[in-house]
Amino acid sequence: MEEKWWLRRSDCRAKGGAPGFKVAILGAAGGIGQPLAMLMKMNPLVSVLHLYDVVNSPGVTADLSHMDTGAVVRGFLGQPQLESALTGMDLVIIPAGVPRKPGMTRDDLFKINAGIVRTLCEGVAKCCPNAVVNLISNPVNSTVPIAAEVFKKAGTYNPKKLLGVTTLDVARANTFVAEVLGIDPRDVNVPVVGGHAGVTILPLLSQVNPPSSFTPEEIAYLTDRIQNGGTEVVEAKAGTGSATLSMAYAAAKFADACLRGLRGDAGIVECSYVASQVTELPFFATKVRIGRQGIDEFLPLGPLNEFERAGLEKAKKELAESIQKGVSFINK
Ligand SMILES: NC(=O)C1=CN([C@@H]2O[C@H](COP(=O)(O)OP(=O)(O)OC[C@H]3O[C@@H](n4cnc5c(N)ncnc54)[C@H](O)[C@@H]3O)[C@@H](O)[C@H]2O)C=CC1
Ligand SMILES: O=C([O-])CC(=O)C(=O)O
């Protein structure tokens, strides 16, 4: 392609190396991957953006590379290029894997996505063992334990740097609560704890900021809508996939929080599904404080009302099974 020009790109004076973080997206040509790649290309904290996929990453890379933002974009295609995609990365975002169709649960994706996540995490362990990992691929309740086991086997596991992305649950909760209250969603913050599937998604409506009270009907409506927000989109898309645009937005927001934490900004608190001692389960989503080394602090659940305590028990039962399934996949 370069032959038709008098100047080759390698002769250009740009040498790269601008200050900023190096970020890789694995699954970058997918429904989430493409808009997420665009949002990360627009993030001023990113100096280098690596886009890896098993299909179409050269096209997505060429396209995004014409945006006049600071990040230098490079594309990587297929397993032989995985190591180059990962080497030197500070943050690795993983939305690789198949999405749901109507009638499926997230757990139905386990068969295909578990193996994809294992392979990609083996690459992370080998090429950028100190990177922060943002895991999006479903079922998150099992893929995060899979990633942890892969890293343990490789001797690189750092629980402070492995974060399951549950930001979309928070974004939905903020949106739906704001609608019920008749206020701006940007002014609402709903902690959502537990996990990322059905009853494991536990919105803590008693802890909504600004402090708000809800009728029992509002609580029933909001809890159901937040827990089934993913299914609402899967059904509306009628077989063509699941949430991609809202997920890319949520993933970009979460990645930005991680980068600001790594930079040393104070007060970065996000909900995320992580290795945790907040409950008796080895993994649980709660608020975490993110700092220079990844997670600095696991924040407690806070006071729950009776409805939330009952929800927590249900969530824990399902979560325990999903965690065990992920752990056994690697240690079978
Ligand atoms: N954590 C969350 O809140 C959410 C998670 N998801 C999950 O994210 C995943 C991706 O969803 P979509 O982007 O809609 O799917 P998609 O099918 O549009 O894109 C997935 C991409 O992954 C790529 N891929 C497949 N195997 C790969 C491998 N071994 N290495 C690298 N790339 C590979 C595919 O080529 C494709 O480009 C799904 O598992 C979905 O369930 C979706 C929405 C929300
Ligand atoms: O529902 C799905 O399969 C995708 C997802 O995780 C979400 O939208 O929350």
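Note that Cβ sites are derived from N, Cα and C of the backbone, with glycine treated the same way.
Of the residues Asp53, Asp224, Asp265, TrEMBL places Asp53 in the same NAD(+) site as Gly27, Ala28, Ala29, Gly30, Gly31, Ile32, Gly33, Asn113, Ile136, Ser137, Asn138, Met247. When Cβ atoms from all protein chains are considered, those within 10 Å of Asn138 (substrate binding site) total 26, not counting its own. Each residue of the domain 'Lactate/malate dehydrogenase N-terminal' (22-164) gets a DSSP state, and the totals for helix, strand and coil are 65 helix, 30 strand, 48 coil. With a cut-off of 6 Å between Cβ and the nearest atom of ligand 2, the binding-site residues Arg100, Arg106, Asn138, Arg172 reduce to Arg100, Arg106, Asn138. When the recorded positions Arg100, Asn138, His196 are screened for a C-alpha within 10 angstroms of the C-alpha of Asn113 (NAD(+) binding site), the residues that qualify, in sequence order, are Asn138. The distance from the Cα of Gly31 (NAD(+) binding site) to the Cα of Arg172 (substrate binding site) comes to 19 Å. Arg106 (substrate binding site) has its Cα within 10 Å of the Cα of these recorded positions: His196, taken from Gly27, Ala29, Gly33, His196, Met247. Residues Arg100, Arg106, Asn138, Arg172 are listed as the substrate binders, and the farthest two of them sit 18 Å apart at their Cα atoms.
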